């Protein structure tokens, strides 16, 4: 028995008929039952029941269907959520020979294990470490304790400070005589720590998920439509905060006198580097010899980030107007004074969305219904097995070629799709641009209402509510029945509005705690947020190297996988902290 599986033993006590066992996952929308096993009839004379053992999935509730091999008559249907590593028996027998009533009884032979205990233990460990750090920080505010620590770390310097006219060292004094750290830290305070904290939080969780997330199913992407699993929001948050950073960085460069031509050159160069690095990272071939151009994957996370950055930054640079961020431009509606100055950008983005809608719902796809948004495979009762992703998948296969896109989409597990499909494909990039533009709008709010914290917070709340209302309309508040379901693989417009709704709220909370009230420094997420490109590329390149990965004693243990994945993720936090202390930042 492997992870996310249970053993099911089917015992057939019916003397004259065999059984066909099929199953349907509760997360598979409009799917066909999948055949699991044939159970032979019992040997009536020897009273030996027919038996068959199968492995069943424990991630989602299952519907088991038993049909008779004689006339294919349905005997019973059972809905049950099996537990991981459990041992079950399904006993099929006749209750009454006269009425030929058949009973199907599910028996637990051996109870499932509690797979969530490692998560609880890890939570307690990290909570304990956090508590120790908080207590240590409080103790360091006590002068005798602080002086003793400084003296132990650097006795000569501490004695010099104590014996000098400066008195006891405090938090504003430097242990080193070099004045550079003080100047640098003063400059760093002008930077919004909440943005780096937001970026670092999304990045570190993304690293943990990419490393395996302890092999828990809820740390994996949703097969197709619906529930927003933890990983589904990570990339979108990264895109969102990239848009916010674009607004602030371009404003800073232009304010300091950089010409638009020079800034455009930087935008083009950075976008090109991101795309090239992305192609290298998604095509690892370190020990397998030369990589063939025939199966080189072209789309990827960094590639999409690079192209999105190019479009959003160039759009902002092209249409930015002096006075828009300072509020000196007159607008006819004061409630929209942080939106109306940027109406050319909004028209461009809305035109992109019209293009996405037209291509998605009007583009003819061979062998598929127009406007198809399904996963193909066994979904939609198996009527469109080769239509995975509809127009989005068709465009990628047509323009890039089947061998140059992702070969193992998340839909292949539940929906058993056989067509390659890339979640970072061409059509979805349009909505990624929209997501980044909404992040840019958040940056505009921060610039427009500079130091007006109540105004910034209220605008974030309004934007979150508006995006939430749009999502509710598009999805009809349902998983499958909306006009446009939430779908991370397609990067549907409802996915973008839903994720931006949560992103505005999360940025609001972090901004309030870190930059307004200063109740939290942003640590430890602030450090990887300052070195996001290095951490992302590093975790991809060194994924299979020690100490980020090692041979396990039990590869089917969630505890071992969780320990390995959390250790690897923590190492990247430590690395980013050390780089921060040494002022090493990899900027593209």
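Cβ coordinates are placed from backbone N, Cα and C, and glycine is handled just like the others.
Unlike curated entries, TrEMBL annotations are predicted automatically.
Worth saying up front: this structure is predicted, and the values here are computed from it rather than measured.
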Tell me which range among 219-237, 238-256, 371-389 TrEMBL lists as transmembrane segment. 238-256
Would you call the transmembrane segment (116-139) and the transmembrane segment (562-580) in contact, using three or more Cβ pairs under 8 Å, pairs 6 or more apart in sequence? yes
For the transmembrane segment (198-218), what are the same-chain contacts with Cβ under 8 Å, counting residues 6+ beyond its ends? 3-4, 59, 115, 118-119, 229-231, 234-235, 237-238, 241-242, 245, 506-507, 510, 522, 524-530, 532, 535-536, 539-540, 543, 548, 558, 561-562, 564-566, 568-569, 572-573, 576
The transmembrane segment (494-513) in contact with the transmembrane segment (426-449), cutoff 8 A, at least 3 CB pairs, sep 6+: yes
Which stretch from 268-286, 306-324, 426-449, 562-580 shares the most C-beta pairs under 8 Å with the transmembrane segment (238-256)? 426-449
